[in-house]
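Asks: First the structure, which I've put down as structure tokens, then a few questions once you've had a look.
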Number of protein chains: 2
Amino acid sequence: MNNEASRDKFKSYLSTKGLRVTNQRLAIFEAAFAQKEHFTAEELLDFARDIDDSVSRATVYRTLPIMIESSLVREVDIGKNLKYYLPNTDNNTQVAQIICTDCDKIFEINAPFMEWYGNSVSTKLGLTPVSQRLQVNAHCNSFRQHGTCKNRPH
Amino acid sequence: MNNEASRDKFKSYLSTKGLRVTNQRLAIFEAAFAQKEHFTAEELLDFARDIDDSVSRATVYRTLPIMIESSLVREVDIGKNLKYYLPNTDNNTQVAQIICTDCDKIFEINAPFMEWYGNSVSTKLGLTPVSQRLQVNAHCNSFRQHGTCKNRPH
DNA sequence: TTCGATGCAAACTGTTTGCACGGCT
DNA sequence: AGCCGTGCAAACAGTTTGCATCGAA
């Protein structure tokens, strides 16, 4: 799904929910979808303000749940009291995150094999799986060998 | 490993690190190991104060990392801006968490095959896995059928 | 015109820290 | 005696919220 399709999806999601299509919401959307890497709420505020400097922090925090609810953005919690976000270009929910503990970079890779696992484990407990995530904390090999991480800090 | 063995391990860990065995630290340890379910830092403070009412919030927060570092307690982050803790009676680090989104209860189950996932996924990226967690968000069947969750809220 | 959306700043939650006092070793 | 550990309260970070105003439909 490209950006224009995503933008349309966002607008129609807003309309369907009786929410208004405002410049601020659009600026936040554009800012999010211009990102190639994970970003924080605060970073999103900065990016959005580059597009429309009237965007406030509150609106960013009020818009993020809308974009998450509409599956346009995914939320990634790596256990750091700080949430990361990522535009959800494909609609994939079976994703594993590998976090480099040296540079904090988050890699994502498809993990379709995860699905059967979640199902088998949940049904044992009388639960219906909704989503699942595999998170791996790992050391960067280049860091251990050369004392530096080839990936820039987040 | 039973509680006495764990207590010994805690005491010797403190000694080895040149840390002091104080009443407050012991009270916090006892409080943690009396729990059968996951608990929060705030709950641990209450429990510890029942044992020694001189325990302060600061000491709880300063003791938790020690217990985690010594593998006596595991930290569980379910993406709720709130961390849960659990006495680590067996020494198992390959655990999957299944979180009921209706009642917030956390189930844990062994997932020994997780290790393979983490390895296969990390090596593709030139990383060496350190730790990993699999988290499944699921709906409680009884909630969906009867409008109530048989498990009490956390 | 109407009522949802916004910006601002204050409130809030969980956690961390500076400081002077207290108590292990 | 020395110095680590402690309680207290203030600080802190990220996020949420109340309120008066703004603006999309």
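Including glycine, each Cβ sits where the backbone N, Cα and C put it.
These came from TrEMBL, pasted as-is:
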BINDING   A:C100, A:C103, A:C140  Zn(2+) binding site
BINDING   A:E115  Fe cation binding site
Asks: Long-range same-chain neighbours of A:E115 (Fe cation binding site), Cβ under 8 Å, sequence gap at least 6?
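Replies: Non-local contacts for A:E115 (Fe cation binding site): A:Q94, A:Q132.
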Asks: Taking Cβ distances under 8 Å as the criterion, give the subset of the binding-site residues A:C100, A:C103, A:E115, A:C140 near chain B, ordered by sequence.
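Replies: From A:C100, A:C103, A:E115, A:C140, the ones near chain B are A:C100, A:C140.
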Asks: Looking only at A:C100, A:C103, A:C140, the binding-site residues on record, which one has the least crowded Cβ, with the fewest other Cβ atoms within 10 Å?
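Replies: Across A:C100, A:C103, A:C140, these binding-site residues, the one with fewest Cβ atoms within 10 Å is A:C103.
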Asks: Look up A:E115 (Fe cation binding site) in the DSSP assignment and report helix, strand or coil.
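Replies: The three-state answer is helix.
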Asks: When DSSP states are folded down to helix, strand and coil, where does A:C100 (Zn(2+) binding site) land?
Replies: strand
